[in-house]
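*Asks:* Below, the features straight out of Swiss-Prot:
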- Cys15, Cys18, His19, Met81: heme c binding site (BINDING)
- Gly2: N-acetylglycine (MOD_RES)
Amino acid sequence: MGDAEAGKKIFIQKCAQCHTVEKGGKHKTGPNLWGLFGRKTGQAPGFSYTDANKNKGVIWTEETLMEYLENPKKYIPGTKMIFAGIKKKSEREDLIQYLKEATSS
């Protein structure tokens with residue numbers, strides 16, 4: 001799939017202001033992403049989500065993240081994530097590869 005090293009750079013540029021990835025990492029404006037894959041939307045313990053996120057009921061996978069990261073507000077109308085999305089498929093693939101490695105043991 002993607003290139004995790006390139007994905008890490010994308011994460012630092014576009015995501016790290018609001019998210020952490022390490023186990024036990026703190027929530028910032030957005031939730032800590034440890035354990036993201038296989039988790040339902042709106043379920044990171046201790047983070048205050050919008051009803052839209054909690055009610056979406058989707059499991060985060062490579063496929064759902066590909067769609068979400070292209071246009072978050074279209075995928076989950078009512079999300080408080082203020083991020084326009086990543087239009088380039090290759091950049092989304094790189095970011096997802098990085099997240100797969102960085103958010104699990």
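Positions of Cβ are set from backbone N, Cα and C atoms, glycine also.
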*Asks:* Counting only residues 6+ away in sequence within the same chain, which have a CB under 8 Å from the CB of Gly2 (N-acetylglycine)?
*Replies:* Ser90, Arg92, Glu93, Asp94, Leu95, Ile96, Gln97, Tyr98
*Asks:* Select the most exposed residue of Cys18, Met81, where exposure means the fewest other Cβ atoms within 10 Å, treating these as the binding-site residues.
*Replies:* Cys18
*Asks:* So around the heme c site, Cys15, Cys18, His19, Met81 aside, which residues have their CB within 8 A of the centroid of those CB atoms?
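*Replies:* Close Cβ neighbours, site residues excluded: Lys14, Ala16, Gln17, Lys28, Thr29, Gly30, Phe83.
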*Asks:* Have a look around Cys15 (heme c binding site) and count the other CB atoms within 10 A of its CB, chains all included.
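*Replies:* So the Cβ neighbour count for Cys15 (heme c binding site) comes to 20.
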*Asks:* Which chain-mates of His19 (heme c binding site) that are at least 6 residues away have a CB under 8 A from its CB, listed by sequence?
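*Replies:* Sequence-distant Cβ neighbours: Phe11, Lys28, Gly30, Pro31, Asn32, Leu33.
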*Asks:* Across the record's heme c-binding residues Cys15, Cys18, His19, Met81, the largest CA-CA distance in angstrom?
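*Replies:* Binding-site diameter by Cα atoms for heme c: 11 Å.
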*Asks:* Where does Gly2 (N-acetylglycine) sit in DSSP terms: helix, strand, or coil?
*Replies:* coil
